[in-house]
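Participant: Handing you a structure now.
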Amino acid sequence: MWGLKVVLLLPVMSSALYPEEILDTQWELWKKTYRKQYNSKVDEISRRLIWEKNLKHISIHNLEASLGVHTYELAMNHLGDMTSEEVVQKMTGLKVPPSHSRSNDTLYIPDWEGRTPDSIDYRKKGYVTPVKNQGQCGSCWAFSSVGALEGQLKKKTGKLLNLSPQNLVDCVSENDGCGGGYMTNAFQYVQKNRGIDSEDAYPYVGQDENCMYNPTGKAAKCRGYREIPEGNEKALKRAVARVGPVSVAIDASLTSFQFYSKGVYYDENCNSDNLNHAVLAVGYGIQKGKKHWIIKNSWGENWGNKGYILMARNKNNACGIANLASFPKM
């Protein structure tokens, strides 16, 4: 995989500077690596044009990064033949209820006494299950919710267990399954349902099915949820430090996010008012002087840095990361 990334990141400023035979070779290698097949030659040609445009974007960005313009690098991945608009349409899924408003009953009020650690990584504490892949189903909200529940289950019982996002996709009537949803609706469902099944009991299929919840497969409960004060990164930091992994919403609509590879992600075009994707904050820290959040995505391990991204922290609520943050009570 690393060999592929090196090959695909050869500088290319324009197609004219990139011999067609090299592009042909890289295209075939990319298709083989990610097992890409197309329905027709016309479809493949259109997908290759998108891939070439993305490859050029990646190469130019990385040249700029080498000159100090950016704090992060990009790399070609399995989303290479998709536009950023297609990624948002098919692989995000945050849908905030029109009537959503924070209640004093569910507002997280931080305990400001005492210091929080300068960094924390719940992966190292055993609170985080392996990275999953939601596929082309708008179920990011389910994976984000499940991740937060898994962290609290570990904290309460000492056991790390994969919970079922499919259970939420199929059964949370307030959400729209693969058509999108919201995390607090998922937490409320688990509370009212008195449980959520394990992944083993209710496997993920990546499409809407009838609700098949079975109490015999129940692996966790929920007593409610708390929401972080809107846009307050200090409160979010304290929640992550004191509570555990937190469900967050971000703008994932940019090509720079689609092909993120390493470094601290900050794109001034990221719109904090355009929240479209739910992910999981599993920690925070500082890398090369840059404060960041450690974010677990649900696009598989081929995306980002083995499925994760470091997102800028305390940079004016970049990408809206603290606007719709919440966690379950267990």
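Here, residue 1 is simply the first one shown, and the rest follow in order.
Keep in mind that glycine also has a Cβ here, set from the backbone N, Cα and C atoms.
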Participant: For which of ASN104, ASN162 does Swiss-Prot record the feature N-linked glycosylation site?
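Facilitator: Of the listed residues, Swiss-Prot records N-linked glycosylation site for ASN104.
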Participant: When you check Swiss-Prot, which of CYS140, CYS171, CYS178 turns out to share a disulphide bond with CYS137?
Facilitator: CYS178
Participant: Would you mind checking which of CYS211, CYS222 shares a disulfide with CYS171 in Swiss-Prot?
Facilitator: CYS211
Participant: Nearest to CYS178 (disulfide bond) by Cα, among ASN104, CYS270, ASN297 (recorded positions)?
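Facilitator: Minimum Cα distance from CYS178 (disulfide bond) across ASN104, CYS270, ASN297 lands on ASN297.
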Participant: Round to a whole number and give the Cα-to-Cα distance in Å for the pair CYS137 (disulfide bond) and ASN104 (N-linked glycosylation site).
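Facilitator: About 33 Å separates the two Cα atoms.
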Participant: Going by DSSP, give the three-state secondary structure for CYS178 (disulfide bond).
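Facilitator: Where CYS178 (disulfide bond) sits, the three-state DSSP reduction gives helix.
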Participant: Find the one among the active-site residues CYS140, HIS277, ASN297 whose C-alpha lies closest to that of CYS211 (disulfide bond).
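Facilitator: Out of the listed candidates, the nearest Cα belongs to CYS140.
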Participant: Measure from the CA atom of HIS277 (active site) to the CA atom of CYS140 (active site) and give the result in Å, rounded to a whole number.
Facilitator: 6
Participant: Determine the minimum-neighbour residue: among CYS140, CYS211, CYS319, listed as recorded positions, which Cβ has the fewest other Cβ atoms within 10 angstroms?
Facilitator: CYS211
Participant: Give the number of CB atoms, excluding that of HIS277 (active site) itself, located within 10 Å of its CB.
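Facilitator: If we count other Cβ atoms within 10 Å of HIS277 (active site), we arrive at 26.
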